[in-house]
Amino acid sequence: MRNVLPDLATQTPLWLALLTVGVNAIVGALRASSDDEHHWDIVGLSTFAVLMGLGGGFIRDILVGNTPVESLRTPWYLVTVVVGIGLVLLFGRRIAGAQKLVALLNSVALGLFAITGTAYALRADLPIISAIFVGVVSAVGGGVLVSVIKDEVPEILLTSAPNATLALAVSSVYAATDVWESQAAGVAGITTAIVANFLAHRFGLRTRRATNPSAVLLTRKEPGKPTD
């Protein structure tokens, strides 16, 4: 029987890839527009959007030797980032208010970056553990770059929402599934991203301070109480 599942990792539809970039670009632009401590101008806001939207792909392609980087081979990725910037400038407050929708799209974006990073690394004949590493770095790399520019400690290094942990789960699921069915692997990875992100938000899961070997990976945050 012919397999009709799309290989979302290596044959990602252009519209889905652009949606992923656009969501991340909007998140990056919102990080600039909502920053009351620094007064970022249009150049700063645009830089955040570019780094969040394209940074993960840049890192992925450089790590696996896929140059020129894929997002620069067609104008549509940069055009999508520009559109995201325009949407934040015009409707930033409304977009920020649609937190559930943004969270859902962001989980899809994180998952797609993770599985494409893992897939590209596997196609480059890297070991599975190295491919998973590339997937995680691809998923969280853009946010780390933005934090560096903002002179902040990247959120994934502190007790926070478990984005890096989710990326690790998605990359691991993709790599494991790819061993026996590459086309199903992409669907499995995206499904893992959406379900894990929903559970993390539903139960307020956060990473826990690494104080000793017995510290668990995740903890449930109680309202008004800091995470240990």
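Glycine is treated like the rest: Cβ placed from N, Cα and C.
Bear in mind that the values here come from a model prediction, so they are computed numbers and not experimental data.
If you look up TrEMBL, you'll see 12-30 (among others) marked as transmembrane segment. Nonlocal intrachain contacts for the transmembrane segment (12-30), taken as residues 6+ away from its ends with a CB within less than 8 angstroms of a stretch CB, comprise 6, 45-46, 48-54, 56-57, 71, 76-77, 80-81, 83-85, 87-89, 92, 95-96, 102, 105-106, 108-109, 112-113, 116, 142, 146.
DSSP assignment over the domain 'Glycine transporter' (15-91) gives 61 helix, 0 strand, 16 coil. Among the features that TrEMBL reports, domain 'Glycine transporter' is placed at 15-91 (among others).
The annotation transmembrane segment is assigned in TrEMBL to 42-63 (among others). A Cβ distance under 8 Å defines the sequence-distant neighbours of the transmembrane segment (42-63), meaning residues of its chain 6+ beyond its ends; these are 21-22, 24-29, 31-33, 69-71, 77-78, 80-81, 84-85, 88-89, 113, 116-117, 120-121, 134, 137-143, 145-146, 149.
According to TrEMBL, the feature transmembrane segment maps to 75-92 (among others).
Annotated transmembrane segment per TrEMBL: 101-122 (among others), in sequence order.
What TrEMBL lists as domain 'Glycine transporter' is 104-176 (among others). Helix, strand and coil content of the domain 'Glycine transporter' (104-176), in residues and according to DSSP, is 59 helix, 0 strand, 14 coil.
For 128-149 (among others), the entry in TrEMBL reads transmembrane segment. With a threshold of 8 Å between CB atoms, the same-chain residues lying at least 6 positions outside the transmembrane segment (128-149) that come near it are 24, 28, 31, 47-48, 51-60, 63-64, 110-111, 113-122, 155-156, 163-164, 167-168, 170-172, 174-175.
What TrEMBL records for 156-176 (among others) is transmembrane segment.
As annotated by TrEMBL, transmembrane segment applies to 182-200 (among others).
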Predicted model, mean pLDDT over the domain 'Glycine transporter' (104-176): 89
